[in-house]
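Per Swiss-Prot, the features are as follows:
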| type | residues | note |
| --- | --- | --- |
| BINDING | 14, 16, 48 | divalent metal cation binding site |
| BINDING | 14, 15, 16, 40, 41, 62, 63, 64, 135, 136, 137, 138, 142, 145 | 4-CDP-2-C-methyl-D-erythritol 2-phosphate binding site |
| SITE | 40 | site 'Transition state stabilizer' |
| SITE | 136 | site 'Transition state stabilizer' |
């Protein structure tokens with residue numbers, strides 16, 4: 001009798017402060033009508049939270065241990081590169097990605113009109129289905145005041161023979 005493959009689930013959250021004048025990268029897309037988020041990278045909160053959820057599900061650490069804050073080679077790094085390198089790390093460790101669900105929390109950028117485009121791009125990068133949703137906090141808290149953007153993600157992975 002063969003061993004069943006048991007899925008592993010990871011969750012993650014991330015938040016960044018809005019930085020006026022910085023290009024807005026979110027969910028792998030450039031939003032030219034919104035300010036971006038501060039950070040040592042491109043500030044793509046959705047891409048970051050996807051990486052964090054994948055690392056959580058696989059037990060391979062978190063975004064901080066994966067890229068670190070003080071590593072110069074990751075200054076300004078794109079969310080696309082982070083996802084690509086994370087996907088490679090999971091594959092090297094025998095993991096297959098099942099799917100990812102990510103939710104952006106904030107007033108801007110407006111994800112609704114580009115949600116399907118974001119899902120296509122992230123699905124391509126992750127190599128598995130990615131669903132994207134967005135919500136606001138009805139003017140409450142730092143995201144409601146437009147001071148920042150947050151995101152949540154859940155990822156499902158499995159390891160053959162585990």
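From the backbone N, Cα and C atoms, a Cβ is placed for every residue, glycine too.
Taking the features listed in Swiss-Prot, we show where each one sits on the structure.
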residue	record	CB count, 10 Å
14	divalent metal cation binding site	22
16	divalent metal cation binding site	19
40	site 'Transition state stabilizer'	15
41	4-CDP-2-C-methyl-D-erythritol 2-phosphate binding site	23
48	divalent metal cation binding site	27
63	4-CDP-2-C-methyl-D-erythritol 2-phosphate binding site	22
135	4-CDP-2-C-methyl-D-erythritol 2-phosphate binding site	13
136	site 'Transition state stabilizer'	14
137	4-CDP-2-C-methyl-D-erythritol 2-phosphate binding site	14
142	4-CDP-2-C-methyl-D-erythritol 2-phosphate binding site	15
The rounded CA-CA distance in Å from residue 63 (4-CDP-2-C-methyl-D-erythritol 2-phosphate binding site) to residue 16 (divalent metal cation binding site) is 14
Taking only the CA atoms, the spacing between residue 136 (site 'Transition state stabilizer') and residue 142 (4-CDP-2-C-methyl-D-erythritol 2-phosphate binding site), expressed in whole angstrom, is 11
For 4-CDP-2-C-methyl-D-erythritol 2-phosphate, with binding residues 14, 15, 16, 40, 41, 62, 63, 64, 135, 136, 137, 138, 142, 145 per the record, max Cα distance (Å, no decimals) returned as 30
Between the C-alpha atoms of residue 16 (divalent metal cation binding site) and residue 142 (4-CDP-2-C-methyl-D-erythritol 2-phosphate binding site), the distance in angstrom, to the nearest integer, is 10
Once DSSP output is merged into helix, strand and coil, residue 136 (site 'Transition state stabilizer') belongs to coil
Candidates 41, 137, 142 (binding-site residues); nearest Cα to residue 48 (divalent metal cation binding site) turns out to be 41
Spacing of the two Cα atoms, residue 40 (site 'Transition state stabilizer') and residue 142 (4-CDP-2-C-methyl-D-erythritol 2-phosphate binding site), in whole angstrom, works out to 20
